[in-house]
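Participant: Pulled these features from TrEMBL for this protein:
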type	residues	note
DOMAIN	B:39-153	domain 'Acyl-CoA dehydrogenase/oxidase N-terminal'
DOMAIN	B:157-254	domain 'Acyl-CoA oxidase/dehydrogenase middle'
BINDING	B:158-167, B:191-193, B:Arg305, B:Gln316, B:373-377, B:402-404	FAD binding site
BINDING	B:Ser167, B:Tyr270, B:Asp277, B:Leu278, B:Glu279, B:Arg280, B:Ala400, B:Gly401	substrate binding site
DOMAIN	B:267-413	domain 'Acyl-CoA dehydrogenase/oxidase C-terminal'
ACT_SITE	B:Glu279	active site, proton acceptor
Amino acid sequence: MAALRVLVGVKRVIDFAVKVRVAPGGAAVQTQGVKHSLNPFCEIALEEAVRLREAGAATEVVVATLGTKASQETLRTALAMGADRAVLAELAEGAAAGPREVAVALAALARRLQPQLVLLGKQAIDDDCNQTGQILAAILDWPQGTFASRVSLEPGAVQVQREVDGGLETLRLRLPAVLTADLRLNEPRYATLPNIMKAKKKPLEVVPAADLGVPAGPPRLRLLQLQEPPPRAGGEKVESVESLLGKLRHAGRI
Amino acid sequence: MAAAVLGRAAGGARRWRALAVPRRGGAGLAVDDTVNGLSAEQRQLRQTMTKFCQEHLAPKAQQIDQENEFKGMRDFWKKLGELGVLGVTAPAEYGGSALGYLDHVLVMEEISRASASVGLSYGAHSNLCINQLVRNGNEAQKHKYLPKLISGEHIGALAMSEPNAGSDVVSMKLKADKKGDFFVLNGNKFWITNGPDADVLIVYAKTDMNAVPASQGITAFIVERGMPGFRTAQKLDKLGMRGSNTCELIFEDCKVPAENVLGTLSKGVYVLMSGLDLERLVLSGGPLGLMQAVLDHAIPYLHVREAFGQKIGHFQLMQGKMADMYTRLMACRQYVYNVAKACDQGHFNAKDCAGVILYSAECATQVALDGIQCLGGNGYINDYPMGRFLRDAKLYEIGAGTSEVRRLVIGRAFNATFK
């Protein structure tokens, strides 16, 4: 079978179940000592790639991330879930990156590795940007299929389906293409103990982010301020439609 | 936040739930595995187990305790089998993961963190039953019994205690008389974890009631559910570890094939005692998981609950409680993990195996008491899990050799070096 390499981009984020707190200063969230894990949508993207390889539609799954040294652990999890090898585009400690920087790094890796398919999660659960896949496709000038809920490979093309208000939308994209994964694409597997041990032998390459063209300095998107949403005020129950209209008018809402 | 949106998604949304509120717990605290000296694979293992247990076990823990039953046990066992964690120390040829005691402790810890009672059942299955078969079984026995125990299709147990023989286990009265190609067992066992559910049980019986010393008359047997003359009696109604089914076993002319002798005839005490050392080591993961669970719930609570105009976690006495709970847990962890590492290098000693569970069990009870205190009145109501943690922790001062017996083991070990 002709080689079909899949590149999966992943991100290390604060675990979804953690109660996030704003750090003193108000321009970041507390990350010290806080549980981190592989972004759930990235897990779904990775799971899809591994399934494609297991079905014989793909020949190799390469997982990559832009992050500090701590992201190596995230890559190890990805290897334990079934990726064949991993690449860390390493940032210096304390350096930050946004969707644009990630897309630049992944584009450079895509040019090096020549994948037919790049799979990403639709968004990261920390910043909810939903931009990286789209920016990456633009940089590479590749077709994009975002919010994928179903993916099937054909010779030289990929059919991707997403859920829209009216039902399902299906596109056929010429390869190589960029896809981003949505929630119902699949249910990711756990990294079983035997696979964790097998992953030990899988290669993990570290490349300085600058070597991939990631510009030094602050990211293009800068976070100015974070604040907790105002506490929910109590509601009010009314007895009749007239009463409701009266209250809305009184509050200047209508 | 995406997490809130995902909470409303339908189908396939296996774990998106509402933003964590301290009362229901959430991710739990991060565990510093660099200080704990774990390898990269062991950290991965903990991550997998934490995630799996938080999703598939923690939400059921309260119900399991209240109903004194784990309804989904068989399915859960198969999932554990798929993860490869039932036969952690078993060879790959039987489906095991061929890893060490530290890896086993980590799995024990994370399961216990979600539900200590399920953790206890897991420990009985994976260490008391599976590991004893691995260490003492012959090829035929291992091939016959290990694969299904390791896949989770079968549940395992071990029976040594009797209604009148707990600490004085050597005085057991279950008799095994040789009759042709069989041994016929008569008597009872008591307090047997997994008793009601087990398909395979390792049972210790007296093949020679007149042996001097009495310990030389014990033989270990492999008993299967369904063997004629073997039945289980009432499930015990326990203070804690509810859902880890415990019962009495009754043997009335139970015929066990002679090929089911585990180890050597009349040398069962060596199987028993050496098994106990490793049982104590692996079960120490239970108190560790419990202490972590107490912290997972108490620390966030202290930073949400307010009194006198501030979060109570900022008051000195509560800061003191956090420090005490945390340092107890961390100290116990280093002791347990290091003894496990030593065992993985082939360096076993009864003194430290007894020491780790002696110390961590007593610390766990204390930490659980502190945990209740941190939550004050809320710690006293069963909407919160703090009471369950205390009730579960207390077991570890009793099972696998009481604290008193553990102290004897250590004291006598010193006596022996000064004979």
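Placement of Cβ uses the backbone N, Cα and C atoms for every residue, glycine included.
Nobody curates TrEMBL annotations by hand; they come from automatic prediction.
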Participant: Should any of the binding-site residues B:Tyr270, B:Leu278, B:Glu279, B:Ala400 have a Cα within 10 Å of the Cα of B:Gly376 (FAD binding site), which are they?
Facilitator: none
Participant: If one measures from the C-alpha of B:Tyr270 (substrate binding site) to the C-alpha of B:Ser167 (FAD binding site), what distance in angstrom results, rounded to a whole number?
Facilitator: 16
Participant: Using only C-alpha positions, which one of B:Asp277, B:Leu278, B:Arg280, B:Ala400 is spatially nearest B:Ser167 (FAD binding site)? These are the binding-site residues in the record.
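Facilitator: Closest recorded candidate to B:Ser167 (FAD binding site) by Cα: B:Ala400.
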Participant: Work through the binding-site residues one by one (B:Ser161, B:Asn164, B:Thr193, B:Gln373, B:Ser403) and point out the residue whose CB has the fewest other CB atoms within 10 angstroms.
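Facilitator: Counting other Cβ atoms within 10 Å of each of the binding-site residues B:Ser161, B:Asn164, B:Thr193, B:Gln373, B:Ser403, the minimum falls on B:Asn164.
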Participant: Pull the DSSP breakdown for the domain 'Acyl-CoA oxidase/dehydrogenase middle' (B:157-254) and write it out as helix, strand, coil residue counts.
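Facilitator: Breakdown, helix to coil: 7 helix, 51 strand, 40 coil.
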Participant: Of the residues in the domain 'Acyl-CoA dehydrogenase/oxidase N-terminal' (B:39-153), how many are helix, strand and coil by DSSP?
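Facilitator: Across the domain 'Acyl-CoA dehydrogenase/oxidase N-terminal' (B:39-153), DSSP assigns the residues as follows: 89 helix, 0 strand, 26 coil.
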Participant: When you measure from the Cβ of B:Glu279 (substrate binding site), which residues in the chain that are at least 6 apart have a Cβ under 8 Å away?
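Facilitator: Same-chain residues close to B:Glu279 (substrate binding site) (Cβ under 8 Å, separated by 6 or more) are B:Gly123, B:Asn127, B:Leu128, B:Ala400.
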Participant: Count the other Cβ atoms sitting within 10 Å of the Cβ of B:Arg280 (substrate binding site), across every protein chain shown.
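Facilitator: By my count, 27.
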Participant: I need the CA-to-CA distance for B:Leu278 (substrate binding site) versus B:Ser403 (FAD binding site), whole Å please.
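Facilitator: It is 16 Å, counting Cα to Cα.
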Participant: Enumerate same-chain residues with a sequence separation of six or more from B:Leu158 (FAD binding site) and a Cβ-Cβ distance below 8 A; give 'none' if the list is empty.
Facilitator: B:Ala124, B:Leu128, B:Cys129, B:Gln132, B:Ile192, B:Thr193, B:Leu201, B:Ile202, B:Val203, B:Gly275
Participant: When you measure from the Cβ of B:Gly401 (substrate binding site), which residues in the chain that are at least 6 apart have a Cβ under 8 Å away?
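Facilitator: Listed in sequence order, they are B:Ser167, B:Leu276, B:Arg280, B:Ala354, B:Ile357, B:Val409.
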Participant: Measuring CA to CA, name the entry from the binding-site residues B:Ser161, B:Asn164, B:Gln373, B:Ser403 that ends up nearest B:Asp277 (substrate binding site).
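Facilitator: That would be B:Ser403, the closest of B:Ser161, B:Asn164, B:Gln373, B:Ser403 to B:Asp277 (substrate binding site).
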Participant: Return the maximum Cα to Cα distance in Å (whole number) over the record's substrate-binding residues: B:Ser167, B:Tyr270, B:Asp277, B:Leu278, B:Glu279, B:Arg280, B:Ala400, B:Gly401.
Facilitator: 17
Participant: Could you put numbers on the helix, strand and coil content of the domain 'Acyl-CoA dehydrogenase/oxidase C-terminal' (B:267-413), residue by residue per DSSP?
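Facilitator: Final tally across the stretch: 118 helix, 4 strand, 25 coil.
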